Amino acid sequence: MSDHSDTEDQQPLGLFAEEPQDFYPPSPPPTTQSHTTSSGQSITLHLVGHSPLEAHHLWNGARVVSDFFESSPSTTVKDRTVLELGAGAGLPSIMAAILGAKKVVVTDFPDPDLVANMWKNIRGCEHIPHAGEPDDQLPIAADGFVWGADPTHLLAHLPPAEKGFDVLILADLLFRHSEHKNMIKTITETLAKKKDAKAYVVFCSYRPWLQHKDLVFFDLAREAGFTVEKVLEKKMERPLFENDPGDEEVLKTVTGWVVGWPEEVCVDL
């Protein structure tokens, strides 16, 4: 199996137990991947070297939700404020900025290398409005954030009158089962209480035998008072990781869900 494992479900194998005490395998170098939009634009994304936070992959969920936004920007991200959690390279956020989002905040764990890499991808994308201008002139910014932590510094990116983001993006995060409650807490504290505010949760079950644990997230969302609706399903040509165990059809399938507020709690009715 590839290295995309959760410590709660798989124990280390101790592969380096016989290496000398002063031996440390070198970190893999950073890599790049590209994403092509439906209009033919190419977006080059820098990925950090191996990361225990899995930020060294460009996940299928990120590609699928980016395509979903592009298929209907006016009803998803255009003229809206957007927050992405656990973004890695930040493809969905970059796509939202390209498509005319009012303000995008792309986040991942506050590791300096991860945050710097997100900024590198932002500054290197010529398709973002105001590309090449100073960072404070761009419609997108990168910031560090731990799921479940105080989001005050994220909300500070919004215009003063706004108290939450119109759109949240969670792309391929649900395999972190132990973090589901923290993700729900962050959605609760950052999603604007508007009837059209949506958290897009897009994922593939990369460990098919644990799909039921992935789906627990939506039970927790309902318990927290949110509505949940499945909005997309896409079958990829092949699994993201070669030779992964489990049902190949599950490994190729990406689904997308919208988590939102019920009408009775919305302030814009």
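Placement of Cβ uses the backbone N, Cα and C atoms for every residue, glycine included.
A TrEMBL annotation is a machine prediction, not a hand-curated record.
Lifted from TrEMBL, the feature list:
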- Trp59, Gly86, Ala87, Gly88, Asp108, Trp147, Ala171: S-adenosyl-L-methionine binding site (BINDING)
- 32-41: compositional bias 'Low complexity' (COMPBIAS)
- 1-41: region 'Disordered' (REGION)
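A Cβ distance under 8 Å defines the sequence-distant neighbours of the compositional bias 'Low complexity' (32-41), meaning residues of its chain 6+ beyond its ends; these are 47, 58, 63, 66-67, 70-71, 89, 91, 95, 98, 127.
For the binding site of S-adenosyl-L-methionine, formed by Trp59, Gly86, Ala87, Gly88, Asp108, Trp147, Ala171 according to the record, the largest Cα to Cα distance is 19 Å, rounded to a whole number. Taking H, G and I as helix, E and B as strand and the rest as coil, DSSP gives the compositional bias 'Low complexity' (32-41) the counts 0 helix, 5 strand, 5 coil. Neighbours of Trp147 (S-adenosyl-L-methionine binding site), defined as other CB atoms within 10 A of its CB across all chains, total 21.
For Gly86 (S-adenosyl-L-methionine binding site), the Cβ neighbour count at a 10 Å cut-off comes to 22, with all displayed protein chains included. With a 10 A radius on its CB, Asp108 (S-adenosyl-L-methionine binding site) counts 25 other CB atoms from all the protein chains. Counting only residues at least six positions away in the same chain, the Cβ atoms of Ser93, Val106, Thr107, Asp108, Met118, Ile169, Ala171 sit under 8 Å from the Cβ of Ala87 (S-adenosyl-L-methionine binding site). The Cβ neighbour count for Gly88 (S-adenosyl-L-methionine binding site), using a 10 Å radius and every protein chain shown, is 29.
By the criterion of other Cβ atoms within 10 Å of the residue's own Cβ, the least surrounded of the binding-site residues Trp59, Ala171 is Trp59.
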